[in-house]
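J.: Okay, here's the structure, questions in a sec.
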């Protein structure tokens, strides 16, 4: 079995899913969607914003679409493999903590009616906007008429019945990929919630998936006492790494260690590995719940409002942008250049530019641009120096990769190692202004590792806390091969394949990107 970093999400089938009358084809990761969103179309698709092979001439197409949606988003459960697995009353109870006040609006008549549990039939509405036209800014339509079709996903939270006895649980936590603000917050809350259920055997797997195979790395016993204050610092108590052993080897290790709950914190690649682990456990008929918690500072996970670490990254990016502005504004013909994270998605650069109000040019991977030429970035920089006397440029690391030489190298996770667009812009800008005989003072700031290593801010701290709690609730409810996220301001569970088919991207036709353009005042660099 090859390294887990080579697991391809679109090849993973879901044996528990019933067949449906038509199937929405996943978007291959090697192809870039022309329209961003749940219904992203591949190049050559029949309609912007649609990836479904739906026969719209069928008067019953909407019903069929809903049935297919329900089948796609059904949550894998241990009863799919063990139909006779007995549910038991939950050991997680909030009843004693909530006094019933008869004067409180919407109160319950009897104490026994309130217990704090979520019904299995509860759903969260994925989309709330009714688009009157497919040409409306940011519209994501299913059919040519932009028909309103409800799409529901499963609400997260504690269930009244659970499928694991706490005294029989050995839970493990692993953090994979790169650092991200909030990792320790999630670890802490998973441990605390597991203990509330009654679990006493909790361990951390050191340095990502590598910790399952490296004999020099031993699992770290975790308890509330161990994790009580870890959220006060950045990084990960467990350490992180990319790559690792094959899926079969990881499941072998799970069996040997007696682990039956695995909480995996990571991005798209890590979740692909978690899904592969889930399927291997099903294949071997192991009662193991594999639960993902999306960790990506780039905010590039499908279907979710945001991922943890993103708010902190945007807030911290302000320090770099403000420094770039001060440097540029204080120099004669000063240009401040800031490179931010964002391999394939420009959310951090876009939101940081919007929130700072000091950025004149924002460059992201989703929007192509010319750097040279009469309509290029350099021409606009010259205009800014002539009219304002200074300029601030914010660029995402994945932007403009067509302008620089390919490295033809990959990291341990199989990600292409990008050329440094920040250095390229810095050097080309200096060269351009020197050639035209105009003085320019260029200052380049790359705060990437400073941002990744800090502790989570208050907003992310809350998000991490709830994500950690709901991950544990999902495991005890018997789900596996799922991940948890914030959807339409509510917390929800998703089957892993539905959120990893391709990265979530900034929609160049969205209102948010239009707002960014309004803020910067930049033209199209085409």
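Cβ coordinates are placed from backbone N, Cα and C, and glycine is handled just like the others.
Any TrEMBL annotation is an automated prediction that lacks curation.
Checked TrEMBL, it gives:
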- 171-473: domain 'Phosphofructokinase' (DOMAIN)
- 178, 242, 243, 267, 268, 269, 270: ATP binding site (BINDING)
- 268: Mg(2+) binding site (BINDING)
- 269: site 'Important for substrate specificity' (SITE)
- 296, 297, 298, 341, 342, 343, 397, 449, 450, 451, 452: substrate binding site (BINDING)
- 298: active site, proton acceptor (ACT_SITE)
J.: Near residue 450 (substrate binding site), which residues of its chain come within a Cβ-Cβ distance under 8 Å, counting only those 6 or more away in sequence?
T.: 316, 320
J.: Among all the protein chains here, how many other CB atoms are within 10 A of the CB of residue 178 (ATP binding site)?
T.: 20
J.: Measure from the Cβ of residue 268 (ATP binding site) and count the other Cβ atoms within 10 Å, all protein chains considered.
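T.: The answer is 26 other Cβ atoms.
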J.: Count the Cβ atoms, other than its own, that fall within 10 Å of the Cβ of residue 298 (substrate binding site), considering every protein chain shown.
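T.: So the number of other Cβ atoms within 10 Å of residue 298 (substrate binding site) is 27.
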J.: Just checking a number: largest C-alpha distance across 178, 242, 243, 267, 268, 269, 270 for the ATP site, rounded to a whole Å.
T.: 13
J.: Quick check on the binding-site residues: of 243, 267, 269, 342, whose CB has the lowest count of neighbouring CB atoms inside 10 Å?
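T.: Fewest other Cβ atoms within 10 Å, among the binding-site residues 243, 267, 269, 342, is found for 243.
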J.: Between residue 269 (ATP binding site) and residue 296 (substrate binding site), how many Å separate their Cα atoms?
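T.: Rounded to a whole number, the Cα-Cα distance is 11 Å.
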J.: Report, in whole Å, the straight Cα-to-Cα distance of residue 267 (ATP binding site) from residue 342 (substrate binding site).
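T.: So the Cα of residue 267 (ATP binding site) lies 13 Å away from that of residue 342 (substrate binding site).
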J.: Taking only the residues in the domain 'Phosphofructokinase' (171-473), give me the average pLDDT of this model.
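T.: Averaging the confidence scores along the domain 'Phosphofructokinase' (171-473) gives 96.
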J.: Provide, as an integer number of angstrom, the distance between the C-alpha atoms of residue 452 (substrate binding site) and residue 270 (ATP binding site).
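T.: One finds 18 Å between the Cα atoms of these residues.
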J.: If we check Cα distances from residue 296 (substrate binding site), which of the binding-site residues 242, 243, 267, 268, 270 wins as closest?
T.: 267
J.: Long-range neighbours only, meaning 6 or more apart in sequence with Cβ under 8 Å: which ones does residue 270 (ATP binding site) have?
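T.: In sequence order, the residues whose Cβ lies under 8 Å from that of residue 270 (ATP binding site) (at least 6 apart) are 176, 177, 208, 209, 264, 292, 295.
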